[in-house]
Amino acid sequence: MAPPSAAAAQSAFDPGLHHAHDSASCPFCRIAVIYGPYDPADPPAAESDALNPDASAPNPATFVVLSTPLLVAFLDIMPLSRGHVLLCPREHRPKLTDVTAAEAQEMGGYLRVLSAAVAQATGVRDWNVVQNNGAAAAQVVPHCHFHIIPRPELRDKRSERFTATMFGRGTREDLDEDEAAPLAERIREAVAELLHGEAPPDSSKPKL
């Protein structure tokens, strides 16, 4: 069998595709427009206009926990557990294969940092990282995003309900906004602490 042509390969994997007709109605794109980037190692004060949860009105309040020129992360408005966070590229990328190499690299790095920050802020030391692509795979919002979901110990039927809901079945409850604001602040602070604690790169090692 002949290898696929370059054009065929590009059509199957085309990072950075723009989907303007989809982004106009995308709630994650709207969040990305409203909440500008900040230095995750030095986040704005909780009362700053840059983090105002009500800026996304008339849509539900948004509680941002990370914002860079390429990415934005915020509390899920229908969390599966306390501290459920979504991380996505700012640009409208429907699926993971639409994400650019730079976005993918930064998401990978911040998935690690946000996972540690969410665990620190919630006190829950186990978590799921979930990423769905397409309606058949339980992707509800067609904008690439990763779920970071704290997984508290559950030994009854709630555990089965949690797993079913995570993969697109079952019911979810709305985010408690009174609890969300201080939780988002703790996650931002934890991100900053973790970034300050990272060892600087070893300049003696050759760059690849």
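A Cβ is built for glycine as well, from the same backbone N, Cα and C atoms used for every other residue.
Features reported for this protein in TrEMBL:
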type	residues	note
DOMAIN	50-159	domain 'HIT'
MOTIF	143-147	motif 'Histidine triad motif'
ACT_SITE	His145	active site, tele-AMP-histidine intermediate
Averaged pLDDT score, the motif 'Histidine triad motif' (143-147): 97
Cβ-Cβ distance under 8 Å to His145 (active site, tele-AMP-histidine intermediate), same chain, at least six residues away: Phe28, Leu86, Leu87, Cys88, Gln131
